[in-house]
2 protein chains.
Amino acid sequence: MAQDNQAPIRIALLGAGTVGSQTARLIVEQREDLSQRIGRDIELVGVACLDPDEVTVPWIDRSLLTTDTAGLCTRADIVIELIGGLEPARTFVLRAIESGACVVTANKALLAKHGPEIYRAAEKRGVDIYFEAAVGGAIPIVRPLRESLVGDSVTSMLGIVNGTTNYILDEMTTKGLDFDVALKDAQDKGYAEADPTGDIEGHDAANKAAIMATLGFHTPVSIDDVTVEGITAITADDIAAATAEHKVVKLLAVVENGEEGVSARVYPALIDENHPLASVHGSFNAVFVHAEAADDLMFYGRGAGGAPTASAVVGDVVTEARHIAQGCVGPSIPLYRSLRKAPLDSSTAVFAVRFLIHDKPGVLAAIAQEFADHGISINGVNQDLKPTLHDPGYSGEIQQLRLVTHRCDEVTLRETVTAVCALDCVAGTPSILRVLD
Amino acid sequence: MAQDNQAPIRIALLGAGTVGSQTARLIVEQREDLSQRIGRDIELVGVACLDPDEVTVPWIDRSLLTTDTAGLCTRADIVIELIGGLEPARTFVLRAIESGACVVTANKALLAKHGPEIYRAAEKRGVDIYFEAAVGGAIPIVRPLRESLVGDSVTSMLGIVNGTTNYILDEMTTKGLDFDVALKDAQDKGYAEADPTGDIEGHDAANKAAIMATLGFHTPVSIDDVTVEGITAITADDIAAATAEHKVVKLLAVVENGEEGVSARVYPALIDENHPLASVHGSFNAVFVHAEAADDLMFYGRGAGGAPTASAVVGDVVTEARHIAQGCVGPSIPLYRSLRKAPLDSSTAVFAVRFLIHDKPGVLAAIAQEFADHGISINGVNQDLKPTLHDPGYSGEIQQLRLVTHRCDEVTLRETVTAVCALDCVAGTPSILRVLD
């Protein structure tokens, strides 16, 4: 089907790191197959990088390497942006669009912050923008949201979308490690970056939540709309308490289009060990989608890594190349709704709260009374000895009290916990975790 | 974004059964939203059915109903074929294409038999053919194969793609029912059709296997290329033996592009109870995909039902309507390869074989010797009493011998089992099941 009488479609690659070099490999090694699938030949015309001497993979011809990123953007039909971060990535993407190139990007931070600007620019210029790799790595989730579920009403999405935190929580669970030790271990093994802030504070997952909400609900949702809680406060005691109750701790991205409006949240939550998400380990990601007609769907696969991410990138390249071969552009991102954002204080959940308490009569009664006074109903209580803990100024034993509430609003819950902590009989800092219903 | 100065895109619906009426509901009730997502208005211009008096859902205007199916095909921009079966569906689909309409279909039997003919006709006429609902109901699996994974090399797919058999096997497992009783129960509850042959003999799953292999490997694979084994021979004893070994029985569709060529098979198999597919229950479907770069992916959701299937159908309608609004067509199905079909006798697997044997000295030795003589290595043996069974002409007790082999070729395995059954000490019919590695 490849038509030899037409010039090849020119592909430019910005960035030659892990994902970039794997993307180049697929394009170079599978060029003949890809051309057959497109119906026209393709050609890698340039690879922009900061230092050509650092690019040593054998499948990238050295003559393709350039440091003139802006120039490369203007001499390609498809520009693949794998630089990451906000700037200069945003400038290069807009320049590529302006010069009439279609864009493929895996840049979740860019899309979560400047997505609507970029989507509008692409629509106005009549070029494609595809970004399957920005959420869930190799997992097809963006395209199903843009196309497969476009005839349905998506009401909520829930997923594990950050492999680094998932790996750390796994290690804490299986080896009983504290957070700092598990993080160090993940860094040593290359599963966490030297500066792990973006992952462990939940910002990476929040970027993906913003993109998922924008696509699923057809309304602009920015990273600034996402409430974020990372995993840095999770302790070995939290994990042990979860295990004792046949639960696991997972960092979730949760987006909902409910009566209160659209919400996008990232938080660690307790999940029943039989829930399908509980068995998503290591760098694997999984996303649940609920839609009015389709009901429940789940997508699972590798959420990171050079080759898996490159698979998603090259799938997008082929899609855009097919459009170019046919002389048309794919669907724009129709953000035709301006849905209200749910008020931050409208968040409700089932909460698991863990207090350290003095072991003496009346303590449980006093705490239970605070919950009752705040109108929060308790669904389960568990108390056991924590003999290794000490409270300055108290000579008795310290016990651990675990409470699970019925669904309640978060503001009231936090007020209640503050009130409980003001009691003399409560020691240390309480732990508060959501429980997935 | 909807442009009022253009005529609406005309949609014709062929078939007003369960899926058809739900499809009409989504198109009618969500018309405004869908038009925004498309960028142009849409209009349902006709619903073809055998008997208009039987169509009573309130959202289908009675003036739209017609029995002139062929005529309706020629006055629409998009024709949705939900008639099912080979003829007259094939004739209507080809007529719609011939008259320049894009086609959406959920008809797996039609595509598994005549797919390449239809794909070529659509490509030649320059119209779209989409069929997300033909495999896995609401689950986006066709579009990911056509587009998301098109830059990668898919090597194998494995899935539970028939809800009726999955429900029956579930009931047999949880209630200890025999096949006939579970089937009758499924029919009474509407989960199995009055004539369940297509489901229980594996033909429905085989149609889906043919479509998956065709899309994944870019080579024509027809229903006639699929080897099929249904679940009618599965007994309560098979299920009990599986449960005893912490396994479940599932009907699998398995397609592979291996060294021997392309294979597509449907068979019941033993799966470890911890495998993700083991927890796919009832009418839910799940498909595993392995690709060279993406590694493992899983897609999960409702494989049948009116509303879920309609969700997939309307997603396809929106995709095609966007192409029409932009004056282009989507990707054709590039079957540019003519891959060799793997020889039927090249099938290898791990097998679990169950014999009924006389309880006397030397029996195990004799059977083990037959396996050794055929060069098949045994990985596990389990023998227990089945006191309720009797063998005419033998007054002793009957025992059940379960053997699990190492991976071996199927032809030799079946020869071995035949040789074992010729021994005097073996009673009844043996059970042979594949074990998922």
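Cβ atoms are placed via backbone N, Cα and C, with glycine included.
Nobody curates TrEMBL annotations by hand; they come from automatic prediction.
Copied over from TrEMBL:
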| type | residues | note |
| --- | --- | --- |
| BINDING | A:Leu14, A:Gly15, A:Ala16, A:Gly17, A:Thr18, A:Val19, A:Gly20, A:Ser21 | NADP(+) binding site |
| BINDING | A:Lys108 | NADPH binding site |
| BINDING | A:Glu193 | L-homoserine binding site |
| ACT_SITE | A:Lys208 | active site, proton donor |
| DOMAIN | A:352-434 | domain 'ACT' |
Which residues, same chain and not among A:Leu14, A:Gly15, A:Ala16, A:Gly17, A:Thr18, A:Val19, A:Gly20, A:Ser21, have a CB within 8 angstroms of the centroid of the CB atoms at the recorded NADP(+) site?
A:Leu13, A:Gln22, A:Thr23, A:Ala24, A:Cys49, A:Leu82
When you measure from the Cβ of A:Gly20 (NADP(+) binding site), which residues in the chain that are at least 6 apart have a Cβ under 8 Å away?
A:Leu13, A:Leu14, A:Val47, A:Cys49, A:Ile80, A:Leu82
Can you figure out which of A:Gly15, A:Val19, A:Ser21, A:Lys108, A:Glu193 (the binding-site residues) comes closest in space to A:Lys208 (active site, proton donor), comparing Cα atoms?
A:Lys108
When you measure from the Cβ of A:Ala16 (NADP(+) binding site), how many other Cβ atoms are you left with inside 10 Å?
24
Least Cβ-crowded entry, counting other Cβ within 10 Å, from the binding-site residues listed as A:Gly15, A:Gly17:
A:Gly17
Under DSSP, is A:Leu14 (NADP(+) binding site) part of a helix or a strand, or is it coil?
strand
May I ask for the distance between A:Lys108 (NADPH binding site) and A:Thr18 (NADP(+) binding site), taken between their Cα atoms and rounded to an integer number of Å?
16
Just to verify: the residue among A:Leu14, A:Val19 with the fewest other Cβ atoms within 10 Å, which of the binding-site residues is it?
A:Val19
If I take the Cα of A:Glu193 (L-homoserine binding site) as reference, which of the binding-site residues A:Gly15, A:Ala16, A:Gly17, A:Ser21 has the closest Cα?
A:Gly17
Site with most surrounding Cβ atoms, counting all protein chains shown within 10 Å, from the binding-site residues A:Thr18, A:Ser21:
A:Ser21
Using DSSP, break the domain 'ACT' (A:352-434) down into helix, strand and coil residues and give each count.
23 helix, 36 strand, 24 coil
What does DSSP say about the residue listed as 'L-homoserine binding site': helix, strand or coil?
coil
If you count, for each of the recorded positions A:Lys108, A:Lys208, the other Cβ atoms lying within 10 Å of its Cβ, which residue has the minimum?
A:Lys108
Across all the protein chains here, work out how many other Cβ atoms are within 10 Å of the Cβ of the residue listed as 'L-homoserine binding site'.
13
